[in-house]
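Peer 1: There's a structure below that I have some questions on.
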């Protein structure tokens, strides 16, 4: 088809579906941990990076299985089945109704959901990692030797399908996740957000199987990684056996393997180890880079995503693939040629060093954004403290005096104060004076927030002390709302589909999540004698509000908003600079790193370098989970600065290591060995001919 083997179209479609499945699931994973399983941010971050580390450890296992046992086709087939099962198990594990026996919308046995989720993630890690090194190589196997141009075009299409799957899934699955679903209670739709990727993985498997009769299947020919490992192991063991001074030293410690392995393999292994030695500092870059899906997503939950349309926190990750698509051609066609014209020797290792530096700057930018976010966070009472806010629901001004401090606060009609902090041991009562009435209220406060609402009446002052059960920003990322009844009689309050129930005069409802904070709702009040309603304002994300329902005028409800917690105000657009810096770092570091590695290793050793490269990604994620699990840093901006500083230190170390590296041309070395082997073969042939000539004379 157009000069291509028909089989490669099935492989490209399979890769698109698989990448959509993986990145779609991964995009919403952190919020699933914090909002559905209700894990704290550090534990959620640790588990997220444990999963990513597994995804980058299992490719080594997949490559060994494919090359030494099953072959690429069967490895992809069997592990894709495992992969699809894992996605399905994760989707089932995210169903709250699975153990919601009391039908309150939350699982009663969350351990069941956790167990299913962890089993699903382990199967996904085994599947996605196991097939990672096989699919692109299997696609390359479909071409004949003379189809070099078509093979090159295939790899371009292959990587385009990866980026397309990543970009679309990161856009779509957060929207699905933010939608409402559930049997007993409507909440964020994680079963569908994980279910769609599961369906795409099943489609990927079916497409791959359909093309099975068209594939060119190369038999397993042994895994070079095992050969290299055996060669290195034998050299170390042999060197240890001959550690006595009576044995002559050899030029390189790998030369001790020459007793068993040929010179070509030893020389190739030396070239690979020189590159792998440079890989030692690289995990720190990946420790920074992969926090886009964890810490940066959690950072976005405390930000304002109103771009004229609502952007979900987990959708901000889409900035990276969009910038990659733009920047790779710009850097290749404009930046590098410009640097070359300026006669600057911008070697691959220098590019990687600059990439590390830009990665460090990206986390400095993230820290600056976090400082701005922290300034918008509410201050909650510390140990031995309480906070009180006053709301005057009456039409008459009032004065509130706190005893025994004699601190007085004047408050106008239908107004509120901010939260005031008091030492619980020093606040015993408060005295309310309004017009010709007064009231004294004894207090026994705990470490929490309170709201005192009061209202002047002709015969007395009515008041109510409410406990505000809020200790942090809403875990759902949405806004919270509750109602106070300022009518003289009991009324039923609803807002959209949310029922707040019957409220007695001056009583309050519990806080409830606003399902879609970026839209307005109809607030309705009813009783046997009245029914009136009004449209609410848009609440935004991350806020908390108390709404007093006051009276009806011509069937229109009059209400008053009191802000208990400000909504997110720092705009998500402020994350774009850090994403830009990190994407620049990725282009300079990741793309160049792979190119450099491949240019410095023999053609048959590229799989060893790919395994080493993937291992650096896994180790980088292990670094994050260790820091997230063991760190005592309380401020998130300080953790960002820590990672920026660590990467900067590693950048300096890598620059020093790179300065001692000498670039080689593996093809020249290979050609030299080939020439020597031909000369040896010719010499052997000449010797055999001479022996034959001598034998004939005899």
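Glycine is treated like the rest: Cβ placed from N, Cα and C.
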Peer 1: So which range, 132-151, 192-211, 212-231, gets flagged transmembrane segment in TrEMBL?
Peer 2: 192-211
Peer 1: For the transmembrane segment entry in TrEMBL, name the matching range from 5-25, 152-172.
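Peer 2: Of 5-25, 152-172, TrEMBL gives transmembrane segment for 152-172.
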Peer 1: For the transmembrane segment entry in TrEMBL, name the matching range from 76-95, 236-255.
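Peer 2: In TrEMBL, the transmembrane segment feature sits at 76-95.
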Peer 1: Checking feature assignment: transmembrane segment per TrEMBL, candidates 318-339, 384-405. Which range matches?
Peer 2: 318-339
Peer 1: Quick test of the contact rule: Cβ under 8 Å, at least six residues beyond the ends. What residues does that give for the transmembrane segment (152-172)?
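Peer 2: Hits for the transmembrane segment (152-172): 4, 8, 11-13, 15-24, 27, 136, 139-140, 142-143, 196-197, 200, 314-315, 317-318, 321-322, 324-325.
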Peer 1: For the transmembrane segment (640-664), could you work out the same-chain residues 6 or more beyond its ends whose Cβ comes under 8 Å from its Cβ atoms?
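Peer 2: For the transmembrane segment (640-664), the list is 271, 274, 277-278, 280-282, 284-285, 287-288, 291, 295, 347, 349-350, 352-353, 356-357, 359-361, 363-364, 366-367, 370, 600, 627, 631, 633.
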Peer 1: Please give the sequence-distant neighbours of the transmembrane segment (76-95): residues at least 6 beyond its ends with Cβ less than 8 Å from one of its Cβ atoms.
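Peer 2: Long-range Cβ neighbours of the transmembrane segment (76-95): 18, 21, 25, 32, 36, 62, 66, 70, 112-117, 119-128, 130-131, 134-135, 138, 190-191, 193-195, 197-198, 201-202, 204-205, 208-209, 212.
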Peer 1: Which of 271-289, 318-339, 611-633 has the most Cβ pairs closer than 8 Å to the transmembrane segment (46-64)?
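Peer 2: Ranked by Cβ pairs under 8 Å, first place goes to 611-633.
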